[in-house]
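Features reported for this protein in Swiss-Prot:
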BINDING   Gly17, Leu18, Ser19, Gly20, Ala21, Gly22, Lys23, Ser24  ATP binding site
BINDING   Asp68, Ile69, Arg70, Gly71  GTP binding site
Amino acid sequence: MEKGFDKSAIQMVIITGLSGAGKSQAIRALEDLGFFCVDNLPPNLLPKFGELIVHSKGKINKIALVIDIRGGEFFDSLSDGLHQLGAQGIRCEILFLEASDEVLIRRYKESRRRHPLSGDARIFDSIQLERQMLADLRGRADKVIDTSDLSARQLKNQVFELFGKDARHSQLRITIVSFGYKYGTPRDADLLMDVRFLPNPFYEPALRNLTGNDEPVQEYVLSSPTTKVFMRKYYSLLRFLLPHYTKEGKSHLVVGIGCTGGKHRSVTLANRLAAALVDEDYAITVKHRDIDKDRGGGESA
């Protein structure tokens, strides 16, 4: 090996997860970012592949691999392969993609493809089996993306945010997601906060059709004494937690803030929290998941 070659400069991403969750789209996004990509690499070839990367002496330093479920030996061979890569001085990030049962079933019906574990079983049963087989691997993942509500373009954008040229320079990247409990909680959230106890702009006729991006709604929510106390305490809690997440090696944290419909209170607080955390030198992304849903419909604050 040439003197001066720094193996810590190697960025290897292993893409795995549920069949039908979008692994092919994810690796195409990484290819657009300049990664050397290999689809469907058998896990037992990981150590040999690592040797080839090291012997390239830095000519290939951004690598993305898709590794799919491959029967009962999948976990043993992958775990051993990751261990051997670590012994070679190569650290891998695991990106795990998942989606809800309903979405996966719909995707399979639309594509008319067979699930890799189907055999004679129903698609639903195959999905449940795969979830069980991948449960431990999901727990080891560095990053998890739930693609249930994502278009191909949105998934690509998330991959760009996670692995783009500036992604490695921040000690911790934080995604703050506002959402409505009536639509379910974000499946990839690490922290969830229910703010339905705060004053609800929905019941103010002049504010009902506005959102937390509008100044009148922000003033209504933030002027409440309860909101002021809550924001001070919650911000203090996050300031305590974030350095500990960083110390444990976590690179991406998803914070969910939910109200009833995801349009007023949660949007306001997500924006305000993001503005406060930017001053703490974290890379912040804000997503308002449900802000455009059910406009003019029932209770939606």
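Cβ coordinates are placed from backbone N, Cα and C, and glycine is handled just like the others.
Feature map: annotations from Swiss-Prot on the structure.
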residue : record           : contacts (Cβ under 8 Å, 6+ apart)
Gly17   : ATP binding site : Lys23, Leu95, Phe96, Leu97, Glu98, Leu134, Arg138
Leu18   : ATP binding site : Leu97, Glu98, Ala99, Leu104, Ile127, Glu130, Arg131, Leu134
Ser19   : ATP binding site : Asp68, Ile69, Leu104, His115, Pro116, Leu117, Ile127, Glu130
Gly20   : ATP binding site : Ala99, Leu104, Arg107, Tyr108, Ser111, His115
Ala21   : ATP binding site : Leu97, Glu98, Ala99, Leu104, Thr147
Gly22   : ATP binding site : Leu97, Ala99, Ile145, Thr147, Leu150, Ala152, Leu155
Ser24   : ATP binding site : Asp39, Val66
Chain-mates of Gly17, Leu18, Ser19, Gly20, Ala21, Gly22, Lys23, Ser24 with C-beta within 8 Å of site centroid, ATP: Leu97, Glu98, Ala99, Thr147
Candidate with the highest Cβ count within 10 Å, taken from the binding-site residues Lys23, Asp68: Lys23
Gly22 (ATP binding site) in three-state DSSP notation: coil
Helix, strand or coil at Ile69 (GTP binding site) [DSSP, three-state]: coil
